[in-house]
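J.: One structure is given below, represented as structure tokens, and several questions about it will come after.
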Ligand SMILES: [Fe+2]
């Protein structure tokens, strides 16, 4: 029974009961309804054929400068007008050099005072980028205890989300910085990757992907495995590809999401199972190359991505800083 019909029916019964001598007070006690506040707010009315929705933004914290504010406003508008469950940040959360503590004023100037729309007050699941490693990366973990919405329990972690028919979506939020050997000799990154034991994280990821029964398994890391941007053959791209690609292929992971390149891209190497998306233009853009044979879409455009998932398929849309959907792709579930 629809809620409106149910309430009408309850009211009709109550009036009838009053006329037949049963008190309205006793009737009310017997006919308690179970309406939670979430059931009657406007977000509950935003429904589509998908069960789980999230925004993905990367490479953003610039005190609102360049196009950070414009992208933030469009994220808020999009999440107000479309169903959305949470927000993923693909890293490089604070330029130019991360945050020094969980009380760094940049939390206010680059995050809290920029992503102000009510629709963006839901959970954020961030990962760390290389710029976050120039100061204290663990400060971003500690901010989880201060913020209601910032959820980074450790430098890498995983979350499982329920979709219909008891199916699940697993998202592994990884830290690609310790996977780049050159960082250990770098004067800025070195002190913060020291002692990170990349083989331990890779063993954790392998075990997670191996043992999970989730219908969809998604891996999110800052550095891309492939890119049609300036870093196609850069040392960090090659380092991450070397260790992550075999894991993604072994477990037939359908989707790897990254940032780092300041553009939006959809890449698919023909003989590989996984699709790779890059969402790294949350405030600045850098060039993309045309004609890369594994690129299905590349745009040097400010914006964010919007993902929608059900048991059968996953839809990805790229939204620019004016709120226009400039690309859409559907990936059918394929065992
Ligand atoms: Fe980066």
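From the backbone N, Cα and C atoms, a Cβ is placed for every residue, glycine too.
The structure displayed is predicted, hence computed values, not measured ones.
Below, the features straight out of TrEMBL:
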SIGNAL    1-28  signal peptide
DOMAIN    53-263  domain 'Calcineurin-like phosphoesterase'
BINDING   59, 92, 95, 262  Fe cation 1 binding site
BINDING   92, 130, 222, 260  Fe cation 2 binding site
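A description of the local structural setting of each listed feature is requested, covering burial, neighbours and distances.
T.: Confidence for the domain 'Calcineurin-like phosphoesterase' (53-263), expressed as mean pLDDT, is 97.
Under the DSSP three-state reduction, residue 92 (Fe cation 1 binding site) is assigned to coil, being neither helix nor strand.
Taking Cβ-Cβ distances under 8 Å and a sequence separation of 6 or more, the neighbours of residue 130 (Fe cation 2 binding site) in its chain are 91, 92, 177, 183, 189, 222, 223, 236, 260. Secondary structure at residue 130 (Fe cation 2 binding site), as computed by DSSP, is coil.
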J.: When you measure from each Cβ to the nearest atom of ligand 1, which of the binding-site residues 95, 130, 260, 262 fall under 6 angstroms?
T.: 130, 260
J.: Of 260, 262, which of the binding-site residues has the most Cβ neighbours inside 10 Å?
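T.: Checking each of 260, 262, the winner is 260.
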J.: Which Cβ among the binding-site residues (59, 92, 95, 222) has the fewest C-beta neighbours inside 10 Å?
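T.: So among 59, 92, 95, 222, the binding-site residues given, the one with the fewest Cβ atoms within 10 Å is 95.
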J.: In the same chain, outside 92, 130, 222, 260, whose C-beta lies within 8 angstroms of the Cβ mean position for the Fe cation 2 site?
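T.: Apart from the listed residues, the neighbours are 58, 59, 90, 91, 128, 129, 131, 132, 176, 177, 223, 259, 280.
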